[in-house]
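Visitor: Shown below is the structure under consideration.
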């Protein structure tokens with residue numbers, strides 16, 4: 001939520017003196033020209049807006065622009081749109097406003113006589129932020145006020161003490177032409193170079209055996225202890241289904257018994273039911289939990305409430321799974337404030353040690369004593385569950401571009417843990433061990449800092465011979481990504497678990513991997529889900545009907561990196577197969593299926609599978625070209641027995657790409673979802 005609020009604030013204070021339409025009429029692919037334009041306009045706006053804040057005089061043009069911006073967006077869509085999915089001109093807006101706002105803040109804070117400096121700095125700044133919140137109808141005053149109170153101390157310290165300027169801070173956005181200029185944001189890991197670049201794809205194909213390990217992958221539970229059945233499920237705030245004052249609403253408006261497709265997290269009954277169903281699956285050798293237990297109420301968390309929620313869920317895991325070892329990774333929501341993880345050298349007032357100490361008390365029954373040192377240092381650890389097999393769990397919030405401490409000193413925040421990862425893998429190689437890596441945030445995701453992802457990929461290339469699997473969470477989608485070497489060879493697979501929380505528009509799900517016990521490579525996996533619509537129709541009269549959604553071997557039996565690379569070609573050549581993959585990616589959720597996946601959505605889906613560093617897109621573009629050729633002659637109109645309509649999907653654009661025609665059951669939920677997403 002905080003990252004999305006920041007995004008909206010940055011966009012909303014765009015300079016009134018700039019003719020925005022003229023600014024975007026002749027966009028270019030030249031990054032240096034784009035960044036030059038962006039910087040010039042940002043500097044011009046900074047001067048005018050600072051003058052407005054000093055004098056209190058608001059020009060008529062600024063008023064008009066503010067009103068237009070306030071009335072042109074819907075509250076929820078702005079908060080759920082990823083920056084990197086915007087078109088070039090939208091990215092240009094963001095790069096420009098980011099620089100402009102950073103210029104304003106640094107001037108008014110860092111100047112000795114700055115308006116936001118001195119004894120009244122906090123109250124003056126809060127007044128300013130709440131005014132912007134109201135002016136542009138960004139969120140409720142409660143949310144804006146809470147976010148400010150929670151994040152002010154950290155942000156103020158970083159602004160006052162960091163060397164970063166607008167160019168370097170905004171360079172961390174996932175926008176290619178927002179260049180990074182300062183050395184704190186450019187660094188590299190010392191990688192052992194005795195083997196040289198990878199010269200061929202990783203293509204070993206282990207066969208299934210009767211002794212394959214069964215590893216349960218859980219992720220993103222996001223337990224909400226304040227979930228209230230019947231409360232408003234489509235509220236203005238970032239997290240709904242928890243306002244007791246609106247309880248006992250109609251079925252269309254109220255939160256469901258087992259959870260809700262809308263912006264709501266998981267009630268306890270859903271989590272317990274999932275764990276009980278997992279217990280029917282027979283042998284489970286290990287459990288991987290890849291982060292995020294705390295709900296999405298990021299404006300009202302506290303250290304104590306986070307600890308209570310984390311404790312309740314890990315205690316529940318212990319209760320249901322007894323002696324089965326659980327190997328967790330930290331999620332971005334475990335911190336308070338959410339997303340904010342400082343390195344071990346930050347001032348004690350901002351340290352995350354409180355979280356690491358608490359996690360160690362909960363994890364110590366599953367982990368060896370020697371893991372304590374690195375957990376208390378940064379929330380990461382390594383363990384050897386059996387001879388020849390090592391697990392490395394990262395706390396990779398040092399790749400997350402919404403972790404404010406990256407902006408303080410990206411090298412100091414990110415380098416130590418990655419160097420430790422390298423050194424641990426080097427030791428594993430010498431000991432002939434195979435390694436699984438656990439981390440919350442996928443390196444190819446839109447929110448992972450490209451410098452971090454680049455160095456991570458260098459480490460993976462060097463040790464692709466010992467890395468047998470990588471396991472992530474964070475996206476709430478059932479997906480994966482393929483890592484490529486510098487020369488373009490497929491070398492590793494990051495498997496992404498879905499989520500138990502339905503947040504947002506997903507069916508709860510979990511996954512079980514079959515892992516060959518010599519190479520420790522994944523040879524198959526099965527995903528289990530239940531349909532929320534069906535479950536909630538029963539209310540408390542029955543339990544959800546869990547069912548096997550699919551086996552990955554339904555797609556391909558070759559789960560080596562080279563085999564998955566070949567399978568990507570097959571999907572690019574067969575759009576219907578890609579649509580099938582997309583339907584599983586969105587967990588067969590009714591609202592997603594009713595909207596469908598248009599051509600741009602398909603293109604984005606195939607692209608995301610082939611990106612492990614989000615500014616390296618060669619393989620993505622190759623697959624998109626293959627897909628485009630196969631879409632050109634494809635008939636997208638399908639005759640069905642039910643009412644049909646053609647609507648843009650979650651990945652649709654407004655540049656004329658054809659939408660897929662899909663069967664849409666006419667239900668109150670689908671009608672409400674359609675109007676919310678496309679008309680308001």
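Just so it is clear, glycine is given a Cβ too, placed from its N, Cα and C backbone atoms.
Predicted automatically and left uncurated, TrEMBL annotations should be read as such.
According to TrEMBL, the protein carries these features:
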{"type": "SIGNAL", "residues": "1-20", "note": "signal peptide"}
{"type": "DOMAIN", "residues": "91-182", "note": "domain 'Saposin B-type'"}
{"type": "BINDING", "residues": "220, 222, 292, 476", "note": "Zn(2+) 1 binding site"}
{"type": "BINDING", "residues": "292, 332, 440, 474", "note": "Zn(2+) 2 binding site"}
{"type": "COMPBIAS", "residues": "637-646", "note": "compositional bias 'Low complexity'"}
{"type": "REGION", "residues": "637-656", "note": "region 'Disordered'"}
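Give me the lay of the land around each of these features.
Guide: Its own atom aside, the Cβ of residue 440 (Zn(2+) 2 binding site) has 29 Cβ atoms within 10 angstroms in the protein chains shown.
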Visitor: How long is the line from the C-alpha of residue 220 (Zn(2+) 1 binding site) to the C-alpha of residue 440 (Zn(2+) 2 binding site), rounded to the nearest angstrom?
Guide: 9
Visitor: Below 8 Å Cβ to Cβ and six or more residues apart, same chain only. Which residues does that give for residue 476 (Zn(2+) 1 binding site)?
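Guide: Once residues fewer than 6 apart are set aside, residue 476 (Zn(2+) 1 binding site) is near 220, 498, 499, 501, 503, 504, 506.
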Visitor: List the other residues in this chain whose Cβ sits within 8 Å of the Cβ centroid of the Zn(2+) 2 site residues 292, 332, 440, 474, in sequence order.
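Guide: Everything else in range on the chain: 220, 290, 291, 330, 331, 333, 397, 441, 473.
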Visitor: If one measures from the C-alpha of residue 440 (Zn(2+) 2 binding site) to the C-alpha of residue 222 (Zn(2+) 1 binding site), what distance in angstrom results, rounded to a whole number?
Guide: 13
Visitor: What is the Cβ neighbour count of residue 474 (Zn(2+) 2 binding site) at a 10 Å cut-off, with all protein chains included?
Guide: 26
